[in-house]
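What follows is a set of notes on a single structure, which appears directly below.
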Amino acid sequence: MFLPIFFIFSFLFSSTNAADFCVGGLNGPVGPAGYSCKKTATEDDFSFSGLRTAGNTSNLVKAAITPAFSTQFPGVNGLGISIARLDLAVGGVIPMHTQPRASELILVMDGTLFAGFISSDNKVYSKSLNEGDIMIFPQGLLHFQINTGKTQSVAFVSFNSADPGVQILDFALFTNDLPTDIIEGTTFLDAAQIKKLKGVLGGTG
């Protein structure tokens, strides 16, 4: 009687430990569920220091996103969580975008942000956020953040996915080779505006 009980407990404990986590093996295959598991995990797989440093906001949108997703932080692989740092200079903007695989929660650490999202029935939910304020953006909905204050703004955004994905609306339309006449017909923008935006963002067609 003792041996069967011993083997049952041994199996339960070994199975539980094996399923505790799945640190991403970044050199292995990746699929919809994330990376395959790394053979041997270390303490370093479960910590990440990349969010200490402010991102470079010397760019077109005056903003920077520093992610800690499964690619940068393999320890979150398979856990359904991740985080990123947002740095926005005065007037900086995180353009209208979506996370196709996650909802987002933002926590403002410094400065003031005006943020909002658009629901599937085209209603706008927007609010001015100050230090310590939080706001949620439901999965798949267009949303944005703008620094409307007079100082640099810093925020952290968390997601219920290790790989939330991102699609920025302007980039989706104007950084590729989608023909101008197609964009014109589907967005009601005129050709001159479209070509100007393609020129700014590097698109062709």
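Easy rule for this one: first residue shown is 1, then count along the chain.
Placement of Cβ uses the backbone N, Cα and C atoms for every residue, glycine included.
Unlike curated records, TrEMBL annotations are generated automatically.
Because the structure is a prediction, the values reported are computed rather than measured.
Pulled from TrEMBL, these are the features on record:
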SIGNAL    1-18  signal peptide
DISULFID  CYS22-CYS37  disulfide bond
DOMAIN    49-195  domain 'Cupin type-1'
BINDING   HIS97, GLU104, HIS143  Mn(2+) binding site
BINDING   GLU104  oxalate binding site
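A map of TrEMBL features onto the structure.
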residue	record	contacts (Cβ under 8 Å, 6+ apart)
CYS22	disulfide bond	GLY34, TYR35, SER36, CYS37, LYS38, ASN77, GLY78
HIS97	Mn(2+) binding site	LEU142, HIS143, PHE144, VAL166, GLN167, ILE168, LEU169
GLU104	Mn(2+) binding site	ILE136, PHE137, HIS143, VAL157, SER158, PHE159, PRO164
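When pLDDT is averaged over the domain 'Cupin type-1' (49-195), the result is 96. Note on HIS143 (Mn(2+) binding site): other Cβ atoms within 10 Å of its Cβ, all shown chains, come to 22. Helix, strand and coil counts from DSSP across the domain 'Cupin type-1' (49-195) read 22 helix, 56 strand, 69 coil. When Cβ atoms from all protein chains are considered, those within 10 Å of CYS37 (disulfide bond) total 17, not counting its own.
Neighbours of the Mn(2+) site: apart from HIS97, GLU104, HIS143, residues of the same chain with C-beta atoms within 8 angstroms of the site's C-beta centroid are ILE94, THR98, GLN99, PHE117, PHE137, LEU141, LEU142, PHE144, GLN145, VAL166.
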